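Take a look at the structure set out below.
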Amino acid sequence: MGKDTKLILDPLADNNPITIQVLGICSALAITAELEASIVMSISVLFVLGVGNVVISLMRNIIPSKIRIIVQLIVVATLVIIVDLVLKAFAYELSKTLSVFVGLIITNCIIMGRFEAFALGNGPWRSFLDGIGNSLGYAVILIIVGFFRELLGSGTLLGIKILGDPVAKTGLYAFGYENNGFMLLSPMALIVVGIIIWVQRSRNKALIED
Amino acid sequence: MSLKSKLHNLKEKYKGKKMAPAFNALHTFLYLPNETTHGGTHVKAADDLKRTMNTVIMALVPCLIYGMFNAGYQHYLATGAIEAADGFLGASFWTLDNLILGAWQVLPLVIVSYGVGLAVEFLFAVIKGHEVEEGYLVTGMLVPLIVPVDIPLWMLAVAVIFGVVIGKEVFGGTGMNILNPALTIRAFLFFAYPTWMSGDKVWVHGAVERSQQIAAGQNVDAISGETLLGAYAQNSTLPGIDYWDMFWGLIPGSVGETSKFLIIIGALFLIFTKVGSWRIMLSTIIGALVMGLIFNGVVDAGWIPDTSKFYGLMSVPFWQHLIIGSILFGAVYMATDPVTASQTNKGKWIYGFLIGFISIMIRVFNPAYPEGVFLAILLMNVFAPTIDHYVVQANVKKRMKRLKVKTA
């Protein structure tokens with residue numbers, strides 16, 4: 001596996017930012033009740049982290065190390081505001097669902113973590129790949145969690161009624177099936193993330209820490 | 001050939017195979033202690049995990065049988081088919097009709113609870129290659145007793161899978177769990193399917209069905225299945241129920257928790273056999289009484305207007321809190337779970353007291369959760385190791401001081 005491909009593929013599984021590094025948990029718990037919100041959140045993070053990593057990497061030699069956190073914050077804040085405004089302009093309903101969590105991308109540990117750990121020490125191309133890889137790793141978990149929570153909690157996927165209509169009692173609901181309200185609550189998101197971590201580590205024993 | 005040697009042969013036959021734990025389960029349940037010691041000198045005693053579990057199950061059987069009678073009784077009473085029973089030995093309570101209807105409703109709950117739960121245990125035993133553990137035997141008995149009688153069976157099955165896997169197996173099985181599995185199952189049901197776990201329609205068999213018939217336009221009388229706690233939380237009371245009915249258990253509620261009389265008998269049995277901790281039971285009750293007294297004091301001092309939504313439950317005399325909800329059941333059978341409770345004696349007092357205290361607090365202050373016992377116990381399960389840690393540390397400190405005084 002080439003060094004560059006590794007940058008993309010590693011964070012997808014064996015060095016996943018959520019399940020292995022346990023970063024960015026808050027947003028993974030808060031906005032994954034619907035699959036659509038998870039996808040939009042993933043794309044937003046992909047944009048912010050991809051572009052942000054490149055910008056920081058380009059500036060890495062001129063940023064004084066004493067104020068690097070402030071510079072990083074300014075970069076990420078600028079990008080997040082762009083995302084926020086775009087969402088408000090073109091997907092207003094969705095931006096209301098995501099509410100404060102778009103703004104909170106600024107404090108998403110994954111982003112500051114990659115700036116600090118990677119972009120400050122590597123060239124723009126490699127930083128770009130690292131940013132894409134990590135946000136894809138974030139996206140994979142968000143989408144898995146969002147998939148199960150929306151399917152079991154609301155019986156829908158991307159707003160389409162998969163399991164039938166709960167009011168008219170069609171599909172599964174005709175047999176007495178009911179949506180699992182627990183899935184819509186944040187604690188269940190934590191449990192789903194926990195189950196993913198459990199499955200992942202039991203398949204790859206090298207990931208288990210003491 | 002005796003059953004024992006047959007099972008033993010079976011065990012030898014499948015030794016080393018992947019499915020071995022599944023075939024060995026019966027042998028394990030009936031004849032084999034979980035761990036046997038080899039060599040050296042040991043104190044011989046008969047109290048192993050199996051004896052502990054069996055004793056708790058024996059203490060629960062009266063509650064289960066009573067629960068069957070009560071399920072039938074509450075149904076026929078609500079439909080107006082029978083008169084209210086007069087006391088524990090009332091003529092209209094211990095009837096065959098009540099038992100048949102109740103057993104028809106309750107036994108499926110027991111079967112689903114044991115069937116699904118043991119299936120999960122077998123699966124994990126096979127995957128992990130250890131012996132099937134007896135831990136689920138008590139959980140499987142507790143679960144049907146703490147759910148409403150009309151809960152759909154598939155919901156119970158889903159909850160049991162969740163509770164056994166997340167509440168127990170992820171931590172490493174019996175003896176390793178942080179949370180009480182039976183209460184994890186109840187909490188799952190409560191948050192996942194709230195319409196089946198609370199409200200005024202679920203506690204009496206047939207009430208949901210009847211309300212659907214009415215909604216469909218049929219001309220029948222509605223059945224109300226409100227619990228006393230539900231009524232108090234609405235600042236009203238249920239007519240025709242006196243304290244003795246609450247004590248004997250002639251009230252709607254979860255299947256096995258209504259009869260305080262039988263729970264007290266079970267508690268005495270557990271204390272006598274030294275299986276349940278009397279410290280936890282007593283301190284839980286004290287905690288509940290203290291919180292009840294505080295609320296009564298607030299009401300007496302006139303700090304709260306009688307229009308307040310908390311007034312109904314706050315003005316309940318403190319001792320009544322023990323007989324209107326499931327605090328006694330929780331204190332005797334749930335809080336005393338030796339795995340999830342505090343281990344130190346001092347810790348047990350603190351642990352139990354806080355369970356009682358918080359239970360009544362949730363009961364009064366959170367209108368969405370009319371009964372807070374299971375939440376309080378789960379919360380204190382999480383804190384039990386912390387309590388133990390500080391109790392042990394305090395003891396270490398005390399002894400260190402003593403040592404210094406002596407050596408100085």
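Glycine residues also receive a Cβ, built from the backbone N, Cα and C atoms like all the rest.
What TrEMBL lists as FMN phosphoryl threonine is B:Thr227. Annotation comment: TrEMBL describes B:52-69, B:106-125, B:145-166, B:246-273, B:280-298, B:318-336, B:348-366, B:372-392 as transmembrane segment.
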Range from B:52-69, B:280-298, B:348-366 with the greatest count of C-beta pairs under 8 A to the transmembrane segment (B:246-273): B:52-69
B:Thr227 (FMN phosphoryl threonine), number of other Cβ atoms within 10 Å: 26
Outside the transmembrane segment (B:280-298), six or more residues from its ends: residues with CB under 8 Å to it: 267, 271, 304, 313-322, 327-328, 330-332, 335-336, 341-342, 348-361, 364
Non-local residues, at least 6 beyond the ends, that sit with Cβ under 8 Å of the transmembrane segment (B:372-392): 146, 178-180, 183-184, 186-187, 190, 325-327, 329-330, 334-335, 340-344, 346-347, 350-351, 354-356, 358-363, 366
